[in-house]
């Protein structure tokens with residue numbers, strides 16, 4: 001699929017491959033500035049992931065796949081006989097960029113499998129493998145959009161958290177893809193988006209994406225979610241996932257667990273939307289998921305950063321929502337309602 005085909009689906013693209021390297025839309029600058037930066041090394045792509053220039057579990061995996069291509073290109077040019085050894089080092093660097101998003105490790109393993117069979121110049125075959133990962137994610141997004149829209153039906157309002165659209169994926173979106181598909185069916189009146197502190201992905205990215213598609217949206221403070229639910233304005237909370245355990249527990253952006261608890265109290269349903277690659281079948285429950293914690297300086301006012309300050313900050317960027325609080329998990333392989341070890345095992349059978 002060409003970049004033109006990707007743009008036909010989404011008004012924005014987080015990632016674009018060019019002969020010079022990987023073009024990354026710097027999401028830290030949105031919505032004020034739309035700036036693409038070109039990265040031509042695997043280490044550069046790893047830094048782009050770690051610094052959150054690119055973010056969202058599927059997009060992280062796609063970026064890492066292209067990072068392997070860049071690493072292989074440089075390694076083969078330096079030493080055609082031993083390039084694979086150097087690329088393994090690049091894969092290790094990419095794997096350390098973000099610990100929670102399982103799509104990262106899934107994509108790197110796909111690229112490692114493609115690399116194993118290559119003799120000679122690795123770039124054509126590895127670039128084809130990276131493009132397949134990118135294209136497959138877009139196809140999965142479109143499929144999930146239709147499956148999720150069929151569940152939402154004639155929904156008056158939905159609440160979403162963080163950013164799960166084209167900026168976070170190969171195009172179109174996971175949770176935001178469901179919202180897009182529901183809107184295009186004429187079956188949704190309004191989207192509510194949390195600001196999603198501390199990086200404000202909802203305030204900066206989600207409402208910007210919705211505005212690009214002319215979908216009516218209302219931004220609210222994270223702390224206003226309970227009051228919104230009590231008002232009856234929303235019937236569903238629709239979110240993405242960075243990792244789903246084999247029992248249906250879900251790791252997602254910090255605040256998702258709070259929304260799940262609030263939704264259950266107010267009779268609002270919770271839908272999780274993620275590609276099947278986000279399910280980590282080797283992780284039994286959410287208790288086994290490593291939750292990333294970022295620099296406290298992302299939260300603290302400069303006044304409290306001095307060496308003599310007694311003020312600290314705790315900055316986990318994900319939390320884990322128990323399967324018991326989730327009404328539906330939507331993947332391109334099928335939908336699981338009321339997820340449990342048994343229903344997730346059935347999904348695994350479909351995905352094979």
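Cβ atoms here come from the backbone N, Cα and C positions, even for glycine.
These come from Swiss-Prot:
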| type | residues | note |
| --- | --- | --- |
| BINDING | 55, 56, 57, 98, 201, 252, 253 | substrate binding site |
| SITE | 162 | site 'Transition state stabilizer' |
| ACT_SITE | 242 | active site, proton donor |
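Counting every protein chain shown, 26 other Cβ atoms lie within 10 Å of the Cβ of residue 55 (substrate binding site).
Residue 162 (site 'Transition state stabilizer') and residue 201 (substrate binding site) are 5 Å apart (CA-CA, integer value). Sequence-distant contacts (6 or more apart, same chain, Cβ under 8 Å) of residue 57 (substrate binding site) comprise 101, 102, 103, 104, 168, 240, 241, 242, 243, 274, 278.
When the Cα of residue 162 (site 'Transition state stabilizer') is compared against those of the binding-site residues 55, 98, 252, 253, the shortest separation belongs to 253.
Sequence-distant neighbours of residue 56 (substrate binding site) (same chain, six or more apart, CB under 8 Å from its CB) are 14, 163, 164, 167, 168, 169, 240, listed in sequence order.
Summarising the substrate site geometry, the residues cited as binding it (55, 56, 57, 98, 201, 252, 253) extend over a maximum Cα to Cα distance of 17 Å. When Cβ neighbours within 10 Å are tallied across all protein chains shown, the highest count among the recorded positions 98, 201, 242, 252 belongs to 242. Within 8 Å of the Cβ centroid of the substrate site, not counting the listed residues 55, 56, 57, 98, 201, 252, 253, the chain contributes 60, 101, 162, 163, 168, 240, 242, 317, 318. Secondary structure at residue 57 (substrate binding site), as computed by DSSP, is helix.
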